[in-house]
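Here's what Swiss-Prot has on this protein:
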| type | residues | note |
| --- | --- | --- |
| BINDING | Asn82, Thr386 | Na(+) binding site |
| DISULFID | Cys245-Cys281 | disulfide bond |
| CARBOHYD | Asn258 | N-linked glycosylation site |
| CARBOHYD | Asn274 | N-linked glycosylation site |
| MOD_RES | Ser12 | phosphoserine |
| MOD_RES | Ser21 | phosphoserine |
| MOD_RES | Ser22 | phosphoserine |
| MOD_RES | Ser55 | phosphoserine |
| REGION | 1-23 | region 'Disordered' |
| REGION | 1-96 | region 'Regulates protein turnover upon amino acid deprivation' |
| TOPO_DOM | 1-76 | topological domain 'Cytoplasmic' |
| TOPO_DOM | 124-158 | topological domain 'Cytoplasmic' |
| TOPO_DOM | 210-217 | topological domain 'Cytoplasmic' |
| TOPO_DOM | 314-329 | topological domain 'Cytoplasmic' |
| TOPO_DOM | 393-413 | topological domain 'Cytoplasmic' |
| TOPO_DOM | 458-472 | topological domain 'Cytoplasmic' |
| TRANSMEM | 77-96 | transmembrane segment |
| TRANSMEM | 103-123 | transmembrane segment |
| TRANSMEM | 159-177 | transmembrane segment |
| TRANSMEM | 189-209 | transmembrane segment |
| TRANSMEM | 218-238 | transmembrane segment |
| TRANSMEM | 293-313 | transmembrane segment |
| TRANSMEM | 330-350 | transmembrane segment |
| TRANSMEM | 372-392 | transmembrane segment |
| TRANSMEM | 414-434 | transmembrane segment |
| TRANSMEM | 437-457 | transmembrane segment |
| TRANSMEM | 473-495 | transmembrane segment |
Amino acid sequence: MKKAEMGRFNISPDEDSSSYSSNSDFNYSYPTKQAALKSHYADVDPENQNFLLESNLGKKKYETEFHPGTTSFGMSVFNLSNAIVGSGILGLSYAMANTGIALFIILLTFVSIFSLYSVHLLLKTANEGGSLLYEQLGYKAFGLVGKLAASGSITMQNIGAMSSYLFIVKYELPLVIQALTNIEDKTGLWYLNGNYLVLLVSLVVILPLSLFRNLGYLGYTSGLSLLCMVFFLIVVICKKFQVPCPVEAALIINETINTTLTQPTALVPALSHNVTENDSCRPHYFIFNSQTVYAVPILIFSFVCHPAVLPIYEELKDRSRRRMMNVSKISFFAMFLMYLLAALFGYLTFYEHVESELLHTYSSILGTDILLLIVRLAVLMAVTLTVPVVIFPIRSSVTHLLCASKDFSWWRHSLITVSILAFTNLLVIFVPTIRDIFGFIGASAASMLIFILPSAFYIKLVKKEPMKSVQKIGALFFLLSGVLVMTGSMALIVLDWVHNAPGGGH
């Protein structure tokens, strides 16, 4: 039997779905036959039953926990929070500048609540479906098609996320090194070449961390990464009171004019608005323009963490669905506040002049400011330490798809990890710009992972609730909303390509 699939067992109502086995890498061998319930468990609600092996049926609950999770509650919060936060935080001020403060808060609230609701659906489906593997839930619900849909969505979304992180390394790290070494002419210097640097960082930092088998070890790097993002947020708030207005507008316009004279095609769309002294420092609460349509995909992608939910759940100490939902609520609320504050203070610093990447806007105003240089280092550290966490669900998906029935092998484990990292590096090095491709893949995959797959799995696998129940109707509405969001976002991106219009990045 696969590690994450077990027979049913009675537990108390306060501990629904407590204590699955922790075995993300399939290194244990178990009997393949599922046990039937004894009669004295027959009246227990299926949602409040647990899974165990046939050979241990009838034993007390504490005797069935052969491979309990080992990751603490706090470390799980760190891991999930780090899976949520990412490069999207750099684009949220741009999203607010193109939606207005009030509309942005409304969208951010709805997206965060919907994302948390989909985590609830996913955990409940995992309990009812008897599996802690995303792809296996897809297989149980819709056969091979469901398995491929889950695996493909996970892989697409995470490779897109990894690419965005490594693109930040590629373009920001050379600038940091150049500022630290005071080198004006970087021609021919390999250590100022972004392609070489992204390869070096991948080999020296990312690969060793990615080879860990247990996510708990990365909790420490997750905590450090989150501290880097908190530092970034603090600097964004402080700079709001240090950068005068409307002086920064004039500086941005001058920078734009200089860029236009040397590189006419390098115009930044966020700077193309007419600026008046009256409007340049006045916040807007509702804005609708050609760039507003990119706000929803940016926000959706910013909250995608669902491929990492089940692995984190599997390794949670004293795990139960209620305990994991508490982990999720804390993580989502913390990221909601971080996203809101970063977007708000970034927007109130530059207003409609904010660019699609917030750090670039600061560099246009303050140049080589020491504090901003430290922020760049912090962001680089954060995204670098996030990549190993993102690799885990990709490797799990590939392993389950290709080698589900095989025992764990370090050679296979390492080969899959190196292959994933190598493919992502090739994308970053050889694709001139991944923004449009990433936007299309991110919009489709993120909508699949947040809206469509969890609700579809829930409707199919949770048998104890009739289709006319409030829960099933809510899940169906959630599914239809996901289809609408996915098709709408993809259509708008295609229209953006057709009309060759500049778009916002994530």
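A Cβ is built for glycine as well, from the same backbone N, Cα and C atoms used for every other residue.
In the topological domain 'Cytoplasmic' (458-472), helix, strand and coil residues by DSSP number 7 helix, 0 strand, 8 coil.
Among the stretches 103-123, 159-177, 189-209, the one making the largest number of Cβ pairs under 8 Å with the transmembrane segment (473-495) is 103-123.
Summarised as a single figure, the pLDDT of the region 'Regulates protein turnover upon amino acid deprivation' (1-96) averages 52. Outside the transmembrane segment (77-96), and at least 6 residues removed from its termini, the chain residues within Cβ reach (under 8 Å) are 71, 104, 161, 164-165, 168, 215-216, 218-219, 222-223, 225-226, 229, 232, 270, 291, 294-295, 298-299, 301-305, 308-309, 312, 327-328, 330-332, 334-335, 338-339, 342-344, 346-347, 350, 354-359, 361, 379, 382-383, 385-386, 389-390, 504-506. When Cβ-Cβ distances below 8 Å are used as the criterion, the transmembrane segment (189-209) is approached by residues 166, 169-171, 173-174, 177-178, 183, 218, 221, 384-385, 387-388, 391, 417-418, 421, 425, 428-429 of the same chain, each at least six residues removed from its ends. Across the topological domain 'Cytoplasmic' (314-329), DSSP classifies residues as 10 helix, 1 strand, 5 coil. The transmembrane segment (293-313) makes contact with the transmembrane segment (437-457): 3 or more of their CB pairs lie within 8 A, with pairs spaced 6 or more apart in sequence. Counted over residue pairs separated by six or more positions, the transmembrane segment (103-123) shares at least 3 Cβ pairs under 8 angstroms with the transmembrane segment (437-457), which defines the two as touching.
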